[in-house]
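Novice: Have a look at the structure that comes next, please.
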């Protein structure tokens, strides 16, 4: 008799890799929050910092290069350390279906090593998602520049990238909020995304979503938005959707998204009209041609509340704008050679050639305009009509265009 195997080992394998000090701290806070269904790995060049990690798996990279003393805020050292330990990273990530790479950008290990970790994960065929922070402005221009370079390198290596500017934390906390609590809010973006995807895969739904749906939305899609919203009351589903898509900490807005995964979890009283309202809210802000994949899960423990998980991607997939510019420019270049343009161009050119001698303007303009009107000009038209790239005529042909009595006068 055929039996459906629903053992956990048949589910997609998700690994979360914290790289560097910031990434390790994010992993520790996620573990403390009780995130389930994923495997945590801490990666660092600093042996002492690595001892503080609560991850199941700890990896010290670049031991020969750094001797366990860290990267010294130098991204190049972080990169070389990861390259040195590439085989160990490959072994740690092998078999993963999805890998989250998290780091604080701007320092040495996270900035330099995170792109290498992501590259290894992608080479192994895992769906690879980067979740990183930008440094505070007060940390200085050098750190900001390093962070930007690291983000661009990471963007090349991942399927999807989520960037959280630390400056946004200053907008959502008051001055009495402890620093650790403030950073927890940034970590919530990662935690909610990881837990939301883990639940999508592990919990069977009334309208089921699986890992293949997640891959469809997130593979090679650039910037992303991940959010979870929970609400109760008469407009609970709409409120939950708005909470999920309106995080003030993210650089990316959901407007214009081309791929959206929407999952709604609620009690047995979850209504079809509520689901329709949620979809309407999304349709108002995403791209008209967006691919929206929808799922619904009945969870009696939710009672009168609903939880909405949203993953939105495809913001970077804009049509090329350079083609239209070239189409417009080509006719404008051709018009230069048209007869109707000659009277406009020549008065501009001639004063440049003869700025002082007023009488020279009329004799010069007459032969210039004739080739534009007459089919058989006296002088070759190319010497009169065609300006050089700088807008001036060729000085070698100046005397050809000037009448004989004026040339004698100039001499």
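From the backbone N, Cα and C atoms, a Cβ is placed for every residue, glycine too.
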Novice: Among 87, 174, 187, which residue shares the GTP site with 21, 22, 23, 24, 25, 108, 109, 110, 139, 143 according to TrEMBL?
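Specialist: Only hit among 87, 174, 187 in TrEMBL's GTP site, alongside 21, 22, 23, 24, 25, 108, 109, 110, 139, 143: 187.
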Novice: Tell me, how many other CB atoms lie within 10 A of the CB of residue 139 (GTP binding site), whichever protein chain they belong to?
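Specialist: The answer is 15.
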Novice: Quick one: DSSP breakdown of the domain 'Tubulin/FtsZ 2-layer sandwich' (207-324) into helix, strand and coil?
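Specialist: Per DSSP, the residues of the domain 'Tubulin/FtsZ 2-layer sandwich' (207-324) fall into 38 helix, 37 strand, 43 coil.
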Novice: To what whole number does the mean pLDDT across the domain 'Tubulin/FtsZ GTPase' (13-205) round?
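Specialist: Reported value for the domain 'Tubulin/FtsZ GTPase' (13-205) is a mean pLDDT of 93.
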Novice: So if I draw a 10 Å sphere around the Cβ of residue 109 (GTP binding site), how many other Cβ atoms end up inside it?
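Specialist: If we count other Cβ atoms within 10 Å of residue 109 (GTP binding site), we arrive at 34.
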Novice: Counting other Cβ atoms within 10 Å of each Cβ, which of the binding-site residues 21, 23 scores lowest?
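Specialist: It is 21 that, of the binding-site residues 21, 23, has the fewest other Cβ atoms within 10 Å.
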Novice: Just jot down the residues in the same chain as residue 25 (GTP binding site), at least 6 apart in sequence, with C-beta under 8 A of its C-beta; none if empty.
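Specialist: Correct list: 18, 104, 183.
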